[in-house]
Amino acid sequence: MFDTLSDRLSGIFGKLRGKGKLTDADIDATAREIRLALLEADVALPVVKAFIASLRERARGAEVSQALNPAQQIIKIVNEELIQVLGGEGRRLQFAKQPPTVIMLAGLQGSGKTTLAGKLSRWLKNQGHQPLLVACDLQRPNAVNQLQVLAQRAGVDVYAPQPGNGVGDPVQVARDSIEHAKRTAKDIVIVDTAGRLGIDAEMMQQAADIRAAVDPDEVIFVIDAMVGQDAVRTAEAFRDGVGITGVVLSKLDGDARGGAALSVRHVTGQPILFASTGEKLEDFDVFHPDRMAGRILDMGDLLTLIEQAEQAFDEDQKEKMTNKLLGGEQFTLEDFLDQLIAVRRMGPIANIIGMMPGMGQLKGQLDELDDSHFDRVTAIIRSMTPGERTNPKIINGSRRLRIANGSGVTVMDVNQLLNRFTDAQKMMKQMSGMMGLPGGRRSATKSSKNKRKGAKGGGNRPRVGGRPGGMPGGFPGGMPQLPPGLDPGALGGGQGVPPGFKLPKLDFNKLSKPPKDDNR
Ligand SMILES: Nc1nc2c(ncn2[C@@H]2O[C@H](COP(=O)(O)OP(=O)(O)OP(=O)(O)O)[C@@H](O)[C@H]2O)c(=O)[nH]1
């Protein structure tokens, strides 16, 4: 399910990589492509229209975060819109104040109602409830038997008309089942109703009559996620004919394009409560819109990473850095420390990098990236006076010794940090020079082109991006750029704000074991 849609979306996001800023034309082109991708996945037109309108508005609006690059901004918005389309925060099953809670299942024949009755009863039983399954599908000869088999597997009781009493009246069976549940101390009644292959008036009337007879707390519409465009018509018919309070998506394990799953919430106006993902009783879970959206985007932990980056790099900090760059102001060790702290706020560095798709192969190198190196650099800078942080040139031999002693490192460590910092500062100056030129945006784009070249090892200076060897360079698999400072290939410079991200060049592994007499 969703494979094609996931691939299409990944391709669309990939095209935004390397862009410095989202123009209106970028937004239009991206919105058009996402629209097509959704339509091809069989998502209903009204849902697609609403989705795209909101996407456009948000991408253009002021809410766009400075902490994210264009690809990430679009991923974030698409993710949030998908969650919205799938039901936002989701809703739990409603229970009656006075048991038994009555849950009625409705849907087309073969949509998976009977299977769901078994799954739901098992799930509720595991939560400590005493469910009773009620066989009101008296049309299909084998339906009662199927329910009995499922009930036995789930370890719950079934209420069904006695054999030999004719076909029976499903409405009467439903009504009687409530009394039976009360007598046998069952706190939940699950009523399985008959389905037809198509929507017909008689079937709708029967379902409506059962509803009137048992006054259910939930009327769950079971929809086969494989049905594609038909989903909308069916959902509307049940919404209007029976009235529903919730939806269950069945057969989510299939290889359909997923349109029904994305349309049904919008069309019915009711939440998706559960997802059914196979024929076995345990292939069933509460529906989580955010997890489903994550699955569709197939971005793994990247979404978590985006969230963390947004939290770690607050707007003030971003603005301060950008102003510094544009104003040609000196980048200081104080700024460097701020950025280090922001990166550290996001968690262990190996985890951060490990969360990026395609980075698994670099596991060995990540393990070497010990957080203590970062902590040591932080300690060195913290041992400096404010004056030293602003103007490292004044850090002479005796100051270096004092800083080394204060931070528990060697003078050589301090020397190395200062040398690398001076390099970073020079590069910052070049960058701000480029950005300050008229048509600065073009210059910045040029620099990011250099950056990509650089990642392959052939770029001209200034190379602010990937470093072959040492830290991993570039992003395999068309992965969008990370927020400034989190691009492992460009820890020396993300988009626009390269400052503290020269980190890997510090070669932290060497920050140890100094010669004793080095006290310059
Ligand atoms: N792969 C897969 N198959 C499912 C799932 N749910 C149900 N099925 C299968 O789909 C078929 C129809 O399911 P039923 O539960 O009998 O459908 P129903 O809605 O009760 O059908 P009627 O009683 O005729 O209205 C059965 O073969 C089930 O095993 C699911 O989540 N995944």
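Each Cβ is built from the backbone N, Cα and C atoms, and glycine gets one as well.
Just so you know, TrEMBL annotations are computer predictions that nobody has curated.
The GTP binding site annotation in TrEMBL covers 107-114, 192-196, 250-253. If you look up TrEMBL, you'll see 271-284 marked as domain 'SRP54-type proteins GTP-binding'. Marked as region 'Disordered' by TrEMBL: 434-520. The compositional bias 'Gly residues' annotation in TrEMBL covers 456-477. Here TrEMBL flags 504-520 as compositional bias 'Basic and acidic residues'.
Structural mapping of features recorded in TrEMBL.
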{"residue": "G107", "record": "GTP binding site", "Cβ neighbours (10 Å)": "25"}
{"residue": "G110", "record": "GTP binding site", "Cβ neighbours (10 Å)": "16"}
{"residue": "K113", "record": "GTP binding site", "Cβ neighbours (10 Å)": "25"}
{"residue": "T193", "record": "GTP binding site", "Cβ neighbours (10 Å)": "28"}
{"residue": "R196", "record": "GTP binding site", "Cβ neighbours (10 Å)": "15"}
{"residue": "L252", "record": "GTP binding site", "Cβ neighbours (10 Å)": "25"}
Contacting binding-site residues, sequence order - G110, K113, T193, R196 vs ligand 1, Cβ under 6 Å: G110, K113
Within-chain partners of the domain 'SRP54-type proteins GTP-binding' (271-284) [C-beta distance under 8 Å, separation at least 6 from its ends]: 86-87, 90-93, 112, 115-116, 118-120, 122-123, 150, 153-154, 218, 220, 246-253, 261, 264-265, 292
In three-state DSSP terms, the structure that L252 (GTP binding site) belongs to: coil
Per-residue pLDDT averaged over the domain 'SRP54-type proteins GTP-binding' (271-284), given as an integer: 88
Secondary structure of T193 (GTP binding site) (DSSP, helix/strand/coil): strand
Secondary structure at G110 (GTP binding site), reduced by DSSP to three states: coil
